[in-house]
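Asker: First, the structure itself, so that you have it in front of you.
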Amino acid sequence: MKPSSSNSRSKGHAKARRKTREELDQEARDRKRQKKRRGHAPGSRAAGGNTTSGSKGQNAPKDPRIGSKTPIPLGVAEKVTKQHKPKSEKPMLSPQAELELLETDERLDALLERLEAGETLRAEEQSWVDVKLDRIDELMQKLGLSYDDDEEEEEDEKQEDMMRLLRGN
């Protein structure tokens, strides 16, 4: 005889077996034990929490109860204002010393040589040369010197020579 098809279906949906009182009590005890284990470990605040993470090189863990060692002022202290030091200005050179520095300036000489050779300078270089040449002119006027001193002397000598020739000396 063939088993009926209804029996095969009932095997899959068979009722769950009822638990005994002892099994129910054991499960309740397990749940209670799990519930007690929730949360942080006892004393975790005083112990410093997890010691595994953090500093690797230190042997003794740092006690979190110990605070900062920086002193705290207890009274009202007057504010100490820091005095700003003025930017040190370049030492003032005498006009003669400054003129000598400008005349021996290698960059200025190189740029002037390039100008004499017919090269065109960049705008930045040209403005720098103009500023330096203007400063040289100012210093020479201050000192009572001029570029044309040598040329004037030569012209004066030529005129004197001409005068001598005309006089017949």
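Cβ from N, Cα, C; glycine included.
Swiss-Prot lists these features:
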type	residues	note
REGION	1-99	region 'Disordered'
COMPBIAS	10-19	compositional bias 'Basic residues'
COMPBIAS	20-30	compositional bias 'Basic and acidic residues'
COMPBIAS	31-40	compositional bias 'Basic residues'
COMPBIAS	49-58	compositional bias 'Polar residues'
REGION	146-169	region 'Disordered'
COMPBIAS	147-159	compositional bias 'Acidic residues'
COMPBIAS	160-169	compositional bias 'Basic and acidic residues'
Asker: Work out, from DSSP, the number of helix, strand and coil residues along the compositional bias 'Basic and acidic residues' (160-169).
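Answerer: Computed counts for the compositional bias 'Basic and acidic residues' (160-169) are 8 helix, 0 strand, 2 coil.
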Asker: Reported in the order helix, strand, coil, what are the DSSP residue counts of the compositional bias 'Basic and acidic residues' (20-30)?
Answerer: 10 helix, 0 strand, 1 coil
